[in-house]
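What TrEMBL lists as domain 'Deacetylase sirtuin-type' is 1-235. Annotated NAD(+) binding site per TrEMBL: 12-31, 91-94, 176-178, 202-204, ALA220, in sequence order. According to TrEMBL, the feature substrate binding site maps to TYR56, ARG59. Annotation comment: TrEMBL describes HIS109 as active site, proton acceptor. Summarising the annotation, TrEMBL assigns Zn(2+) binding site to CYS117, CYS120, CYS136, CYS139.
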Amino acid sequence: MTEIRNIVILTGAGVSAESGIDTFRSAGGLWEQHRVEDVATPEAFARDPELVLRFYDMRRARIQEVQPNAAHQALARLDAEWKGGLLIITQNVDDLHERAGAGRLLHMHGEHLNAWCLACDGRHRWYGTLLDRPSCPTCGVPGQMRPDIVWFGEMPYRMNEIYAALNRADLFVSIGTSGAVYPAAGFVRDAREQGVRTLELNLEPSQGSHWFDEARHGPASEVVPEWVDELLRQQSG
Ligand code: OAD
């Protein structure tokens, strides 16, 4: 096996599940309780902003009640101790990776704790409600702030950086994601085409499980720390 130096990790809702944040596609998950087209599209926001803002206000409040789990902590440890290249690409819009201490991190689907002003394009850290249609702290225009979340039909963030990192990678690891939403679901194939080794860590086989060279199944709080320990042992050995 080629020596591993550059690692790209993709994380999804499964990493935060054991912190108490609902995943999207499990039984009782967020998309079983809400229709995506009612709460997670620009059209929904134009049609019924109150419904959309109320949904995201609840999600924003919820993530502030929970704590990072052993999977976030293990990835933060990997970030601190891995001497080679590393990028954690998260589809998650919570802040649990950074609260655990991860720094080499990119939020491709936006962040609950950011508000985006459609009038001036400014982003602001936001912990409270958006439902009362606040004015933008920068430009002062009222009623133009929306959650800084990438909705269906919108372009995920920082794709150039992501593909550049995948091009340099020796190992691509997908953790806690169902492989249902593109472009993230396609990263494993992009990686494979470049000859990058691929590993899936998930509770169960994902939709794209067959694309991975190796899969380890179990709760993220167990399989992620085990894998990180193994990798750091290899580095020091
Ligand atoms: P999903 O809900 O689609 O998938 C979560 C995955 O995590 C599933 O494969 C579960 O089996 C797995 N899982 C659940 N609990 C786990 C645990 N304790 N340990 C390990 N794995 C576990 O969530 P995502 O794949 O993240 O986009 O969804 C992708 C995107 O779809 C989200 O970013 C979101 C959503 O629409 C936006 O909101 C823009």
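Positions of Cβ are set from backbone N, Cα and C atoms, glycine also.
Proximity to ligand 1 at the level of Cβ atoms, with a cut-off under 6 angstroms, picks out GLN91, HIS109, GLY176 from the recorded positions GLY20, GLN91, HIS109, CYS136, CYS139, GLY176.
Among the binding-site residues TYR56, ARG59, CYS117, CYS120, CYS139, the residue whose Cα lies closest in space to that of GLY12 (NAD(+) binding site) is ARG59. Every protein chain shown contributes to the tally, and the Cβ of CYS139 (Zn(2+) binding site) ends up with 12 other Cβ atoms within 10 Å.
The Zn(2+) site is defined by CYS117, CYS120, CYS136, CYS139, and by the 8 Å test on Cβ atoms against their centroid, the other residues of the chain that qualify are LEU118, ALA119, ASP121, GLY122, PRO137, THR138, GLY140, VAL141, GLN144, MET145.
Taking the Cβ of LEU203 (NAD(+) binding site) as reference, residues of its chain lying under 8 Å away and at least six apart in sequence are, in sequence order, GLY14, ALA17, GLY176, HIS217, GLY218, PRO219, ALA220. GLY20 (NAD(+) binding site) sits 16 Å from TYR56 (substrate binding site), counting Cα to Cα. Taking Cβ-Cβ distances under 8 Å and a sequence separation of 6 or more, the neighbours of PHE24 (NAD(+) binding site) in its chain are ALA13, LEU30, TRP31, SER178.
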